[in-house]
Amino acid sequence: DSEGGLYVCMNTFLGFGREHIERHYRKTGQCVYLHLKRHVIEKVPGASGGALPKRRNAKLFLDLETNSDLNSDDFEYEDEAKLVIFPDHYEISLPNIEELPALVTIACDALLSAKSPYRKQDPDSWEEELQASKHAKTLVQLDNGVRIPPSGWKCSKCDLRENLWLNLTDGSVLCGKWFFDGSGGNGHAMEHYKETGYPLAVKLGTITPDGADVYSFDEEEPVLDPHIAKHLAHFGIDMLQMQVTENGLTDNDIKPRVSEWEVIQEAGVKLKPMYGPGYTGMKNLGNSCYLSAVMQAIFSIPEFQRAYVGNLPRIFDYSPLDPTQDFNTQMAKLGHGLLSGQYSKPPMKSELIEQVMKEEHKPQHNGISPRMFKAFISKGHPEFSSNRQQDAQEFFLHLINLVERNPVGSENPSDVFRFLVEERTQCCQSRKVRYTERVDYIMQLPVAMEAATNKDELIAYELKRREAEAARRPPPELVRAKIPFSACLQAFSEPSNVEDFWSSALQAKSAGVKTSRFASFPEYLVVQIKKFTFGLDWIPKKLDVSIDMPDFLDISHLRARGLQPGEEELPDIAPPIIIPDDPKGIPTTSLLILSYIDEPSVMQLAEMGFPLEACRKAVYYTGNMGAEVAFNWIIAHMEEPDFAEPLIVPAFGEVASSGEAAFGAVGLDNQPPEEMVAIIISMGFQRNLAIQALKATNNNLERALEWIFTHPELEEESEPALDMMNMANNANANIPAETGSEGPRIKDGSGRYELFGFISHMGTSTMSGHYVCHLKKEGRWVIYNDLRVCASERPPKDLGYIYFYHRIPS
C-alpha cells in the first residue's frame with residue numbers, strides 16, 4: 001500500500017496493508033503493530049533533465065521491486081516509523097526510549113535495521129548500472145578524415161583482429177588489454193590513451209541500433225555515451241545499420257543476418273514496444289535471463305495465473321511469519337508484477353519530445369526487478385544462487401519441484417505439465433519384455449544430425465571455415481544444419497540400447513533395448529531440443545541447428561499400448577547379490593543393494609561434479625533407468641539436507657518407515673509436543689487448529705504455521721475439537737499426490753497441440769550466452785528480451801531450445 005504504508009505485527013512479524021490490518025486484529029487479538037511509511041520529499045534536481053541521478057539508500061523497500069515509482073533514483077525519501085496500539089489506534093513515534101519498555105525498543109530497532117533478502121545477496125552478484133560519462137557531452141573529435149569500414153578491422157599497431165576498440169576522438173582502431181588466459185590483446189588502446197589523453201573508446205562488434213559498449217580510460221569503467229550515434233557518425237558509422245558481430249568479421253552491408261544472436265533477438269528490425277497487462281519485462285540481474293524467460297512462459301499459462309495472481313489477496317493475508325521466505329508469496333508477487341500492467345506503461349508524449357530535443361537517452365523505467373524472487377528460489381542451490389548463466393531447462397524442473405512442494409490450494413498448477421511415460425524394456429535374446437511407468441514433465445527430443453537436408457552445404461562450409469581460419473581471413477557465411485522435425489520425432493520413438501542389461505529370463509547379462517511412449521498426454525506439453533552435448537574431448541558444446549518446429553503437433557501415434565497379445569513378461573526376479581572381496585565397514589543393507597545400482601550411470605553423473613553418494617541414490621531411486629533420468633532426480637532433490645548422505649535402504653522384509661516419515665505421515669495417536677501447541681496458541685490461534693496443523697506437518701513448527709495460513713477456511717471452525725477422521729483426511733491432503741495410493745494426478749487427453757511459446761538460447765554453452773522468450777498473445781507473437789517487450793516481426797521458431805504447446809480441445 002503505497003499510501004497507507006505497511007503494518008507489521010510485533011508478535012508474529014506478519015506485514016499487512018491498511019485494508020487488512022483491522023481484520024487481522026479482530027481475528028488474532030494482537031494489538032501492537034509497527035507502522036512503516038515512506039514519504040517522497042522531493043525530486044532530485046536535474047534527474048530527468050539529463051544530469052546524473054542522485055543515489056539514495058533507504059532502509060525500507062515496501063513496494064514492488066521495480067525500476068520506477070518509489071524505488072527510482074530520481075526521488076529522495078524519508079521513512080517514518082510509529083507504534084500503533086489497537087483498537088484505539090494510539091500512535092507512538094519512534095524512536096522513543098522514554099515511553100517504551102526496553103524489550104519493545106530492541107524489537108523495533110531490530111526490525112528497522114533488518115536487511116531485505118536482495119540486500120543480503122553476495123555483493124558480487126549485484127548488477128552495477130552504467131552511468132553517463134562526464135566526457136560524453138564535451139568530447140572533442142578530430143576532423144582528420146578517418147572513416148571506419150563496417151568490417152574487417154585490424155589493430156593499427158599489431159595484427160590482432162579481435163577485442164578491438166575505436167577511439168572516439170581520433171578514430172584509431174587498437175586492441176584491448178591482455179587477459180590471464182592468453183586471450184584479449186596487447187593493450188595498445190590503453191597505451192594510446194596514456195600518450196594522447198583521448199578518454200572514450202567503443203568496442204567494435206558491439207554496435208547495434210540500441211547502443212554499444214563504451215569504456216572511459218579516464219574514469220576507469222564502462223560508461224554510457226548519450227551522444228554515441230553522433231560520435232560514431234563522425235567516422236562514417238551508421239548505428240541503425242550495425243549489428244552485433246563476433247570478432248568484428250561480419251560484413252553488415254553484404255551478408256544476411258544469420259548469426260544466432262541476431263536472428264533470435266530480431267536485431268536490425270524495428271520492433272514496436274508493447275505495454276499493458278502481460279507485457280511487462282524483467283530486469284537482468286546479471287546472467288538471470290534464464291529465470292526471466294522461464295517465468296514469462298510460466299505466467300502466460302492460465303492455471304498459474306489463477307493459482308497465484310487470482311489468489312493474491314488470500315496468499316498475502318495468510319503469508320507466514322517471514323513472507324520473504326515463502327514460495328507462494330514470492331510467486332504471487334512476481335505474477336502480479338508481470339500481469340497487472342502497473343509496471344508496463346507507455347511513455348508520455350511530452351517525455352518523448354523532451355528526449356528527442358535534448359538528444360539524451362532516458363533510462364526505461366518500465367519492468368520489474370526479480371531480485372527478491374531470485375534470492376529465495378535459488379537459496380541453497382549451488383548453481384542458481386551463483387551469478388553464472390544456467391540451463392533454462394534445469395531451472396524449469398527446479399521451479400516445478402518447488403511448486404509441487406508448496407501447494408497453493410486444492411489444485412496444483414504444475415499438474416498441467418505432468419504426464420506418465422511407459423518404458424518398454426525387451427531382452428533381445430529371450431524376446432521377453434517388462435513394462436514400467438514413470439512421471440515426467442518434459443519431452444526431450446534428440447537432434448537427428450544424420451537427417452540434415454543440406455549435408456553438401458555443411459561439408460563445403462566446414463572446408464571454407466578451416467581455410468579462412470588458417471589464413472586469418474573473415475569466416476564464410478554461416479551455414480546452419482537444417483533438421484526435419486519429423487526426423488527428431490522418429491529418433492525419439494526408436495528403441496535405444498540398455499547398457500549392462502541383466503535379463504531375469506536368462507539370469508545373466510544380455511543385450512536389451514528400451515522404447516518410450518506416452519501413457520498419458522499432458523495439458524501443456526513442454527518440448528526440449530537436446531542441443532547441448534559433449535564432444536569427443538568431453539567438452540560441452542552446442543549444436544547450432546535449425547529445426548522446422550510445427551505450429552500444430554499431433555503425437556497421438558506415440559500413445560502407449562501396454563502389454564500386447566503374444567508378448568511374454570520378464571520374470572520378476574532380482575539380480576544375484578554380489579558380495580565384494582572386502583566387505584569390512586560396509587553395512588549389510590548396503591551390500592544387499594550394491595548389485596542393483598548401475599555403476600556406469602553413477603560414474604557418468606559423478607564426472608559432472610555431483611557427490612558420489614548422491615549419484616548412487618539418484619540411480620537407485622530411478623530404477624537404473626539411465627544417467628539422464630537420474631540427472632533429473634538430482635536436480636529435483638539437490639536442496640534436501642541429506643542429499644549427499646550415504647544411501648541406506650531397508651533389508652529384505654523391513655518396513656521403510658523412514659520413507660513414510662519423509663512424506664509427513666503421522667499416526668493419529670501421535671500427539672504433537674505441548675510446547676509447540678502452546679507457541680501457536682500464543683499467536684492467537686485455537687488449540688484444535690494448532691494440533692491439526694502440527695499433525696499435518698509432522699510436528700514441524702514452521703511448516704505448521706504456513707499450513708494454517710494456507711487453510712484460512714479452518715479458522716472459522718468454532719468447535720473445540722474435530723472428528724478424528726476429518727483430521728486424518730486433512731493431514732493426508734497435505735501429502736504430495738505422488739505418495740497417495742491413487743498415484744500422481746494426471747490430466748490425460750488427446751495428443752494434439754498448438755504452439756504458444758518458446759525459449760531460445762544464444763551462445764555456445766548453457767554456462768554462457770543469453771535467453772529470450774517468444775510468446776503468442778492475442779493472436780500475435782511477442783518477444784520478451786529482459787526489460788524489452790516488443791511485437792515480434794520474425795519469430796525464430798526454428799532456433800528455439802524449449803517449446804511450449806497447449807492441448808487443442810477435442
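Glycine residues also receive a Cβ, built from the backbone N, Cα and C atoms like all the rest.
Among the features that TrEMBL reports, active site, nucleophile is placed at Cys289. Look at TrEMBL and you will find His770 tagged as active site, proton acceptor. The annotation Zn(2+) binding site is assigned in TrEMBL to Cys155, Cys158, Cys175, His188. According to TrEMBL, the domain 'UBP-type' annotation covers 131-239. Feature annotation from TrEMBL assigns domain 'USP' to 280-808. According to TrEMBL, the domain 'UBA' annotation covers 596-637, 671-711.
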Check your understanding: Taking the Cβ of Cys155 (Zn(2+) binding site) as the centre, how many other Cβ atoms fall within a 10 Å radius?
Key -> 21
Practice item. May I have the list of same-chain residues other than Cys155, Cys158, Cys175, His188 whose Cβ is within 8 Å of the Cβ centroid of the recorded Zn(2+) site, in sequence order? Key: Ser156, Lys157, Asp159, Leu160, Leu164, Leu174, Gly185, Asn186, Gly187, Ala189
Review point. Out of the recorded positions listed (Cys155, Cys158, Cys175, His188, His770), which are within 10 Å of Cys289 (active site, nucleophile), Cα to Cα?
Key: His770
Check your understanding: Any idea what the Cα distance is from Cys158 (Zn(2+) binding site) over to the residue listed as 'active site, proton acceptor', rounded to a whole Å?
Key -> 32
Review point. Which number gives the other C-beta atoms within 10 angstroms of the C-beta of Cys158 (Zn(2+) binding site), all protein chains shown included?
Key: 12
Check your understanding: How big is the Cα-to-Cα gap, in Å, between His188 (Zn(2+) binding site) and His770 (active site, proton acceptor)?
Key -> 30
Check your understanding: How do the residues of the domain 'UBA' (596-637) split into helix, strand and coil according to DSSP?
Key -> 30 helix, 0 strand, 12 coil
Exercise for review: Determine the Cβ neighbour count for Cys175 (Zn(2+) binding site): the number of other Cβ atoms within 10 Å of its Cβ.
Suggested key: 25
Review point. Taking every residue in the domain 'UBP-type' (131-239), what is their average pLDDT?
Key: 85
Point to revise | the residue listed as 'active site, proton acceptor' and Cys175 (Zn(2+) binding site), Cα-Cα, nearest whole angstrom | key: 25
Exercise for review: Sorry to bug you, but what's the C-alpha spacing from Cys155 (Zn(2+) binding site) to His770 (active site, proton acceptor), rounded to the closest Å?
Suggested key: 28
Check your understanding: Just how many other Cβ atoms lie inside 10 Å of the Cβ on the residue listed as 'active site, nucleophile'?
Key -> 25
Review point. Tell me, how many other CB atoms lie within 10 A of the CB of His188 (Zn(2+) binding site), whichever protein chain they belong to?
Key: 21
